[in-house]
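Taken verbatim from TrEMBL:
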type: COMPBIAS; residues: A:454-471; note: compositional bias 'Low complexity'
type: DOMAIN; residues: A:134-424; note: domain 'NADH:quinone oxidoreductase/Mrp antiporter transmembrane'
type: REGION; residues: A:450-471; note: region 'Disordered'
type: REGION; residues: A:529-551; note: region 'Disordered'
type: TRANSMEM; residues: A:6-24; note: transmembrane segment
type: TRANSMEM; residues: A:36-54; note: transmembrane segment
type: TRANSMEM; residues: A:74-102; note: transmembrane segment
type: TRANSMEM; residues: A:138-158; note: transmembrane segment
type: TRANSMEM; residues: A:170-191; note: transmembrane segment
type: TRANSMEM; residues: A:217-239; note: transmembrane segment
type: TRANSMEM; residues: A:251-269; note: transmembrane segment
type: TRANSMEM; residues: A:281-302; note: transmembrane segment
type: TRANSMEM; residues: A:336-359; note: transmembrane segment
type: TRANSMEM; residues: A:371-395; note: transmembrane segment
type: TRANSMEM; residues: A:415-435; note: transmembrane segment
type: TRANSMEM; residues: A:494-510; note: transmembrane segment
């Protein structure tokens, strides 16, 4: 079974599907959606089967296949997964059908065709699978950059009012990062060539020794690209724009999967390939991560635009993930990987719900909503679940991962851990505030039948605390007379949301299967970097490793 | 070797002296009874129109002749050394020159057919 | 006079030509300056031919003359064509392509 | 060829070795010869033309009117010198100089005789020579064009301008034909030095014709008749002489480029034109007619090619050539400008090119096949 | 007796094809009737270029050009080596594509992009009459073929003098071709004047460099220069000569700071000619640069390395930054070509005097892919037209994707390739040159190159944004229906851009095998 080309198929099937969908004539929207959904479900099935075929205790990379691609550059089309990548593939498998379902009834902007939208989504899926499954650095880079193109078109063609700006910003940020990484990729190849046969294969590169000074340069090259991708503060400014302007489906994939490539890259490439440099830079990275957690949380509280708010929560969460990765303990790193999955589910759901709400209200402003829970209880319920998962309430999946990160990082980095914990409190604040303002209280703004007070997507109107009071007074008078009926979730929407809700709860209660998958891979990674694979006495080990490197 | 050019310089000096003397002396030897009409350009009695200098335009044909001249003069530049050294160059030299002249002929044929050699 | 004198003279001519190209505004004059540069190169070539005792440099001067002539032909044609339309050979008047 | 040359035949090494006073004498000599030849040519022309037109011609000044042109020259000097108001002064002033000086210089490489003894110094009867002798002539004749164009332009008048442009166009056009026509001469002589070209025409080749040995012709005019004809036609155009005297077509352009010139300035142009005529005649003699060497019947006498005698032969040849110039003027009507240009570009130039190729092929074939030049010339080149 | 040089006619075959076709083209122009001239000229030009291409390939396949088969011929004036033949084939192939663009007759209502009679003053009654007539001008074919022949000679020249002559043979027809646009004739003539004056200026520099090198070494043969360089590298005269030679070549390659003519000329010239210049001239100029630096001055690399290093940086920055401010697509592509020249120079730096130089094969590959892509991009440009001819202003491209999705997609592909996005040929090329440069320790340069690529990507993206994300203007330009020639060009270039991005292996391999130069 393990010889079965799961990974290749997971790339090929959606790619072919994308071509087929794109080739459909203009009017056949329904067929396009059906094909897309079918294809994405096939991928999910493949992902599940691959997981079954994966032996958690076996080799680091499994399901491998390798074909020589560009001999001159020593590039192979080499695929393979470890536990970390595998869970990411599962996440992709789950999210894409959900996204397709969620976008089922989306209306295109202008005269554009929705078939193109689904084609882009499928192409994006293929490329995302490729990114996680590549075991050749060059191949990884190719997928990494190519992934931009479908996302760019998703944002630019199907997004909100400022989509052009957001799309270009997104593309340029990522491209700059990618190009810097390209320099490092080439450098890596040259280093390997100087030590024998030049190669891009991860395994080969992992085995060679690199001069510490060179390591620093190469590390920075990779790090900047991943930091932009993952968005770590201060490279994050593109995400709120892209997240807010992207169509809901695009936003889910963007924040849920695409950005994980950054944190995945830290784990897969930065740490094992440049262990010395990673240790040297770890304090700075951690500082950035923790600063990001706080800064993003504070910014999130200031947002009046729901999608921007959700985007900022993601920035905060990525800070957490980076924290888990760069303390170099297996526990924390396992937590971080788990967090990547859980964040994808939780934030994905949050985006979906916000999207459903926006679809009803036509505005992204928090102040335009109020009292929705009374009319649409199911919507409010799902919103609550998503919100709670996002603030990592015990019992939801995020709690497990956040807990693991904190527990794993406290022994070696107590200060950073404590500061990051403050972020949790802030997270509770902003998520709950948003929930409370939109779902409860008097029916206001749009829900109250008023036209929008300000143009859509305008500047945030001051701190959230103030707006609450002001708009409340304004709407009280008008609300009863013209209150509009807010429809509750349709069956399609419930079908879309329910798998995520289920997964959030299941993984919150029983995360062990995932942890079992992740842990060996993480342990291998952490041992590469000279951290503590076992989790015991991390402090001493890292210190020892650092002294070693210092000598 | 350059000494064989010295006589030319001598002749040049003599000729130039003669010519300059003639030109410079002319106004002083002859009578001077100018009037306005005399100093005007010769125009068969019509009021002269100042047009030849500064901004005057010549028929483009003259440029064409100049260009053709340059091209063929250049050909001559190559023909002379070849002719002098022809005995040493052998058959190869002949073949090369045939190719060269044939190439010039191609251009020549083009100019001819395109009316470049017509003066209308 | 040593050979260096010829070289210096050629270099000066070349510089005069180059400066002329840069500061003069009439296309024909600019073009003449280019020709001056080419001819200063001829002088250099012939001087070097003398210095090295070979005839290569002189032969090269022939080629340069040919090229210069071809350039004259093409250049005059181009300049004439625009002159006939604009009635000016000033480079400054040709400014449609400035942005 | 040098084996066959007489001891008086100067070689290139003989030039540039003269003492200064010899040089001075020769410089003045050439200058005087040219001026005298000009004066003679003018009067000669008038006399010949008048004979052809059944009239007497100048017969008042000097013996039988032969000092007429001298008198004309002096008269010109005392004419009013006019500088037109619209003229470009410096150029107007310089143009006659530019026209006249190269005309003198062109003659400097024409060989007028073998080496002779002047006051005990042995020196060739030639001002100087160089390996590229003929190029000097060509260069000088090309320089003359500047004088004419500038004269026409600087006059600030329409007729001179057109005349100047026309003559420039005409001169450069026919210069091509002229330049091409002498390539074959170089091919045969293997040199561009005028003295060596004369030497190359010294002796005919021994030709065996059906067992009958005889000396073949040695003049390039005979060996290369097409070249000679083209040269002859081209120089008429080159010197702006009838029937190609279009630049000064009185009916169209008044006086051509020198319409606005008067007095000695006009005289300089006049001088330049006649000197050019003399020069091209001398060059024709040098390149095609055996130079200063005695023509065939005379050459039987051994002394004909030594001492001062050859100068006589040389000037005879020049005068004959001048006579042809005048003869043409007396006989032929002026061409239209388009006819003239067409004839130059469409007949002379291609013919010259083809002829060069034919000659070169013939020579190469004869050399490769190891035939004597004369044989091939007889069979192929000279039908 | 002077010995006749040995002529290897098989090795000269590509050149003979081109020059032969050019001469025949002139004769056709002289003797064929006007009605048949266009098809005949096209056929002659295509036979010439395709014949040159095929004979180059045949030559490469029958000889060991990377090994013992590499040789010099024609009295050491020409090199017959892998790089030379590869570049010759590239030039001939790209030339054939450009000539197809010249032949497009379906797009312009007047059936051609070239002026019917170049000598008629613009704007005169006769000119207006000709503008709408269907008379086509066919001189452009022999001109282009001559230029191509010059380019192919340029890349194979083993002698600075031959290089100079080739430089002129390729330049002079180009000057003329720039002035042949049917519409916007003043612009076109102005471009021709500018190109001519600056081009002649630059070739004077090249020539002076040649003279100085001759003075310093006593020869202009590259191998002799190399020997002299090896003996006494630091000679001032030699260094000065090299610098001047580089200036001359950089001008042709439109490398900043010698680029000032590029935007004006690219904009003013007829678009097919711009495509021709952008692709073929660049290949030729860089071929000569490679040969000059590697063969002639290879043993003295530390003299030129800093110079090239600096020029590369300037060129990339100038191209990328000034490209941002452009509102005309042709100008934008001109600045893009300046930036690409900088990228190419980073590849040139990947030189290793001792071993094999990855820079050579990388640069050759880059030239090939850049040429193909840029021809494609300009071909698309010829199709977007309004009543006044081609609509090259950025604003007129708004919403093109909705009006003509296929064309927009193809253009996007080319723009992505120019930006160097993976899975397009542009990325493979960039990767190759950057790898060569890093291999040689020039990583700071590569970092600059990457940052400028990002900047440059912005202006490529802007076009994509306009085409896809903007609403079309109501009175916007129309997308012409291309005839067969343009369709072929678009198909070939688009396919090549994709294929060389996805499976570039065999072509890279070919470039690698061809990467050798003889001196």
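Cβ coordinates come from backbone N, Cα and C, glycine included.
Not measured: the values here are computed from a predicted model.
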Range from A:6-24, A:36-54, A:217-239, A:336-359 with most C-beta pairs under 8 A to the transmembrane segment (A:281-302): A:217-239
The transmembrane segment (A:371-395) touching the transmembrane segment (A:138-158) per 3+ Cβ pairs under 8 Å rule: no
Stretch in A:6-24, A:36-54, A:170-191, A:251-269, A:415-435 most in contact with the transmembrane segment (A:336-359), if contact is a CB pair under 8 A: A:251-269
Most Cβ pairs under 8 Å with the transmembrane segment (A:251-269), selected from A:6-24, A:74-102, A:371-395, A:415-435, A:494-510: A:74-102
Top Cβ-contact partner of the transmembrane segment (A:217-239) among A:170-191, A:371-395, A:415-435 (pairs under 8 Å): A:170-191
Cβ contacts under 8 Å made by the transmembrane segment (A:415-435) with residues that lie 6+ beyond its boundaries: 286-287, 289-290, 293-294, 297-298, 300-301, 306, 309, 313, 316, 319-320, 323, 327, 366, 383-384, 387-388, 390-392, 402, 406, 409, 464
Interface check, the transmembrane segment (A:494-510) with the transmembrane segment (A:74-102), three or more C-beta pairs under 8 A: yes
Long-range Cβ neighbours of the transmembrane segment (A:170-191) (under 8 Å; 6 or more residues past either end): 73-74, 137-138, 141, 144-145, 148, 151-152, 155, 198-200, 205, 208, 210-211, 214, 217-222, 224-229, 235, 237-238, 241-242, 273
